[in-house]
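For reference, TrEMBL has these:
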- 192-238: region 'Disordered' (REGION)
- 193-205: compositional bias 'Basic and acidic residues' (COMPBIAS)
- 374-496: domain 'PARG helical' (DOMAIN)
- 505-705: domain 'PARG catalytic Macro' (DOMAIN)
- ASP534: active site (ACT_SITE)
- ASN537, GLN551, TYR592: substrate binding site (BINDING)
- GLU552: active site (ACT_SITE)
- GLU553: active site (ACT_SITE)
Amino acid sequence: MSLSKTPPAKRLKQSSLDDFFPTQSALISSDTPVSGTFANAAENLESIKKLKLDGINKCKCNKTVIKIEDGSQNESKASEGNCNVGAGIDFADKATLHDTGCSDPNRPRRVQISSSFDCNHDVSLLIEGCEASNICKSDEAAQKVEYSSDSNAKRSEGDFRSQFVQHNVRLETTEMNLFDFAGDLNCDDDEDSVKRGRTQKETQKMAKGLPGISRQMPDNKGNTNRLKKLKSSPSQTPLHRLPVDLNQVPGDVPPNMARFPCDVVWRTAAMEESPDHTLLVKGPFDVNRSSPCEAQPTEVVERWDKLHVKMPYSQHSKYVEVDGREVPRWDVIQRALLGAIHSFNDLKEAILSYNGGYSWGLEELEDAIEEMTFSDRSAFFSTLLPGIINLALNLPTICTRPPPLLVKGHSHSVTLSQRQVASLLANAFLCTYPRRNTSTRKSQYASYPTINFHTLFNRCDNHKRRICRKEKIKCLLNYFRRITGEMPIGNLTFSRIRLRCRVGWEESMAKFKNAFITSKGLIEDEGHGMLMVDFANRRIGGGVLHDGCVQEEILFVIYPELIVSRLFTEALDDNEALLMTGPERFNEYRGYSDDFRWGGNVVDVRERDGWGRRYTQVVGLDALAYYGKQQHWEQFSAEKVTRELMKSFCGFQTPGFPRSAVATGNWGCGAFGGDARLKFLIQWMAASRAGRPLMYFTFGDHKLMCQLRAIQSLVAQQDVTIGKWPQNSSKAYHT
């Protein structure tokens, strides 16, 4: 006897619907495949319309049991008079609907079955026995869908993530529900499709472009459960819209958003070096001191290897003169910068003299200088530029050993004084760092950000971006004006954090922490004293020394000391983050992107900790990028969601520091194409798992604020742990 390779049909028996269909029962079979995304028989639409419940009728049954003949079942309980929007049952990609009430009970009526139904979906009303006019609000409804085979099927590791993804997909809103779209494909140019302005060919063409999403499906082949793909777009199969109240006010930051240092105090250990922490300064720090900490060690240490920054003053850095002689490059730098520099052309000639082979124009720097008033331009060449040059040339005594490179795959920290940072940035301004003038794929520092400022000073073809470059130059000049006038005495720490172990989200017993969502304010203002999230590029700083002028780049020019991280931080991996502790703010700004403008000087009065660091923490987290509509849906896959959860948790856990609130916003939702609602849920879960409340800024988007508050209320009503929330929240959407 030969065995058929066709999986056995899954037959669903419907009971307790006699009040509506005393002579009918529904039978769904998967033994006959349906070609295409939706069936295309006109009579099928009529069959569906016949089964559509009248909006004034109400379900009188208290329990609906849907049985699957291979051993699993779906039980739904609903109170009388309430609708029960089913969680949906995942069948094979193709399904066949048999209507036993028709003249030929053996003749199949084909229709696509989806795992998500809106309350207006005809087939869901037939199977679940629900009311067509209302959305059920009963808290008693409970549903469970299980698939089994002859052998015991094990739960897939992706179950938790799949449920989480499906839940978030349902947050997508659309003007067209599943059966609206199916109707367009299944019938000719009927009245509905004409009203929508689409013909059958247009809608079929639309369907071909829909990206697939992964969902768990039963598959009897090999007695295992497998993942199959539905060809429907998540936004085309919503469960239902969340009720959103748009009449809300942003409100003030609640007191339960912990801040440094009033709510949480850093208990710093002794200021000593360790294998995982390099100190370029000598401790301890005295808050009453009037000068920066001294460099450690006192003598210059030469290191020219793959683990340390190649310093401009290193004797290993050589330069070939015109006559062919090889001389130390530092000698050429000193000779050029100690000469008379009274104009922009003098400065340009000096910079190019030790960067042989390059013909930079530095036009944006020239424009910034020319736009100064006569007195400011005179002060630049007589006072400010000599101060920058002095800082740069004193690097061997200010920073006696090269900072270590924060390389991929290793957690390490480096602490520097603000004076050391200023000297390092002065050398970047004058473009002295060897082997850092290019970032091509074959270059030595291809995986590092650029650091020499020539990329910012050179001409940009886009007029608006040229203006932004000049505004960023103004921010940097104000920083140098401040530090050359009075050198800060504090320190900064840069820590590369690597998440080394797997995070079991499904086993987490942590409850959701407090979250506050507002459309008013900015991370760097209202989020002071919190862990501020830098919406980072994997190469930290992004386009701060190029054309970029969005959240990360703005953060790096109002806190210019953060730019030094580009000198020694390799591109971040998926399980890594960069924590920057103690930067001082120097600049105000207004506008955003092409409208960014320098807003003047800022005096930072935040207190310092025991190491001399400001009570300011910034964590760089690089989100995944999704360009175009086709890539947009990829972010809802289990793999992508898990990656973003891991990335966020890596940055929020910050070992060695107490847990202030996280100040964040639409992370990765601008040019990177992320979904703000999904990113809110991911960051809230990660912050809660790390023991932190969440302060979320929508940056003036009132509608998004109201949407996220609706999601927050929905989650809060469940009162469940992070590990249990996706399952329970999906049930909430069905009731």
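Keep in mind that glycine also has a Cβ here, set from the backbone N, Cα and C atoms.
A gap of 9 Å separates the Cα atoms of GLU553 (active site) and ASP534 (active site). On a Cα basis, ASP534 (active site) lies 7 Å away from GLN551 (substrate binding site).
Distance noted between the C-alpha atoms of GLU552 (active site) and TYR592 (substrate binding site) is 11 Å. Neighbour counts were taken at the CB atom with a 10 A radius for the recorded positions ASP534, GLN551, GLU552; the maximum falls on ASP534. Other C-beta atoms found within 10 angstroms of the C-beta of TYR592 (substrate binding site) number 16, with every protein chain shown included. Around the Cβ of ASN537 (substrate binding site), the number of neighbouring Cβ atoms within 10 Å comes to 21. The separation of ASP534 (active site) from TYR592 (substrate binding site), Cα to Cα, is 15 Å. The 10 Å shell around the Cβ of GLU553 (active site) contains 23 further Cβ atoms across the protein chains shown. DSSP assigns ASP534 (active site) to a strand in the three-state reduction. Of all residue pairs in the substrate-binding list (ASN537, GLN551, TYR592), the one with the greatest Cα separation is 17 Å apart. Summed and averaged per residue, pLDDT over the domain 'PARG helical' (374-496) gives 97. A coil conformation is recorded for TYR592 (substrate binding site) in the three-state DSSP classification, outside any helix or strand.
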